[in-house]
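Everything below concerns the one structure shown next.
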Amino acid sequence: MGKNVVVLGSQWGDEGKGKIVDLLTEKASAVARFQGGHNAGHTLVVDGKTTILHLIPSGILREGVTCFIGNGVVLAPDALLKEMKNLEDNNVPVRERLRISPNCPLIMPYHVALDQAREAKRGSGKIGTTGRGIGPAYEDKVARRAIKLADLFRDDLEEKLRNLIEYHNFQLTQYYKVEAIDFDETLKLCQEWKEAIRGMVTDVTEDLNQLRLAGKNLMFEGAQGTLLDIDHGTYPFVTSSSVTAGGVSTGTGIGPLYLDYVLGITKAYTTRVGSGPFPTELFDDVGAHLAKVGHEFGATTGRARRCGWFDAEALRRAVVLNSMSGICLTKLDVLDGLEELLIGVGYNLPETECAGAHDAEFYESVTPKYETLQGWSESTVGITNYDELPENAKKYIKRIEVLIGCPIDIISTGPDREETIVLRDPYDA
């Protein structure tokens, strides 16, 4: 029988998931996205060529791999078609290999307008959204009024759309004081999307389960990271979907008992984009060094990422939340040359704080407890054999394993798919 592997972020996103999905799909027949939208930014480097994907699964660069977008994803058809064209212009066949669930809620122009209007009104209290309509689209889904991909093919689309635009335009014009969304233009867009996407719509749940029954290896690709999960993240500075392994089942229709291995992608230090608490954040030369050497700029927004020491306590919780089988430690090479490395091993918690909340106020109130390890002067760039790593790098890796209670199975030593140490392959585990 085949194996079903989940690959997801264990921090605040930007951990390097795209590269690892691309690497592991050598043994996979299909890759499925199960949550999020085009707010994701997965960077892949193959033979020195960089590709950034926002919506299409990272397995698209592997010949013969079928890519699925599950029902848990909020779909922006215009962004999808643009991404498809970019890939096809680079001789990557997409249309015949991409399959999309008809149950995906659509991101409409009014969602984008609402997202941007809300952030502008928050002023200094911004959550730090990408402004791409993700949150408002999920709101419509939960409120049971979303227009889903299937609705584009139904006779009552015009009536549904008219009612929704009337509803959202009231907020846009009366509360946010911005321009209304035009009904005719939006309806025309829907008609164009219908024709462009028609051939890719399929029952993703059925297709994935048929592949499973046929003994094929499947991969489920997460977006963002565990600490941005709508339920378990630093609320309200979170995304609007279920980012954890639990989201795989609800977002694709694959039952939880069919998931064989959960791989948590983790940077060798910690980063965060936008607003929100960050206990181990650095504001000194070391933080600037990590940002410069690690090229820490968001693939989706281009925003500079905040950098800090490795937070083992936050990762330990992510391991538990996702029942992680193993960790992939990325960007180890960024730490080359640092004399000392600090690891956050726990938090000092004020007596007034609500223990166990793990929301934004909780993380804002804590101060990290640190443990200091010696760094290494040798370069780890491109190393593919664990035994060739500097001794202090090995000690750093082993200490993290002890602190989080989970093995580090893969180590990334550079951006290219080949610059990787695989200690245990998830498909062979």
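Cβ atoms here come from the backbone N, Cα and C positions, even for glycine.
What Swiss-Prot records for this protein:
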type	residues	note
ACT_SITE	Asp14	active site, proton acceptor
ACT_SITE	His42	active site, proton donor
BINDING	13-19, 41-43, Arg305, 331-333, 412-414	GTP binding site
BINDING	Asp14, Glu15, Gly16, Lys17, Asn39, Ala40, Gly41, His42, Thr130, Arg144, Gln224, Thr239, Arg303	IMP binding site
BINDING	Asp14, Gly41	Mg(2+) binding site
BINDING	Ala299, Thr300, Thr301, Gly302, Arg303, Ala304, Arg305	substrate binding site
Secondary structure at Arg305 (substrate binding site), reduced by DSSP to three states: coil
Fewest other Cβ within 10 angstroms of its own Cβ, chosen from the binding-site residues Asn39, Thr130: Thr130
Top Cα neighbour of Asp14 (active site, proton acceptor) in the set of binding-site residues Asn39, Thr43, Gln224, Leu332: Gln224
Distance in Å spanning the most remote Cα pair of Asp14, Glu15, Gly16, Lys17, Asn39, Ala40, Gly41, His42, Thr130, Arg144, Gln224, Thr239, Arg303, given for IMP: 34
CB within-chain contacts under 8 A for Gln224 (IMP binding site), separation at least 6: Gly9, Trp12, Gly13, Gly36, Asn39, Ala40, Thr239, Ser241, Val243
Cβ-Cβ neighbours of Gly13 (GTP binding site) (radius 10 Å): 29
Largest tally of Cβ atoms lying within 10 Å of a Cβ, found at which of the binding-site residues Thr43, Thr413: Thr413
Shortest C-alpha distance to Lys19 (GTP binding site) - which of the recorded positions His42, Gly302, Arg305: His42
Fewest other C-beta atoms within 10 angstroms, as judged across Ala304, Leu332, which are the binding-site residues: Ala304
Nearest-integer angstrom distance between the alpha carbons (Cα) of Thr413 (GTP binding site) and Gly302 (substrate binding site): 23
10 Å Cα neighbourhood of Gly16 (GTP binding site): matching recorded positions from His42, Thr130, Gly302, Arg303, Ala304, Arg305: His42
Thr43 (GTP binding site) - helix vs strand vs coil (DSSP): strand
Shortest C-alpha distance to Thr130 (IMP binding site) - which of the binding-site residues Thr43, Arg305, Leu332: Arg305
For Lys19 (GTP binding site), the three-state class that DSSP assigns: helix
Which of Lys19, His42, Arg303, Arg305, the listed recorded positions, has fewest other Cβ atoms within 10 Å: Arg303
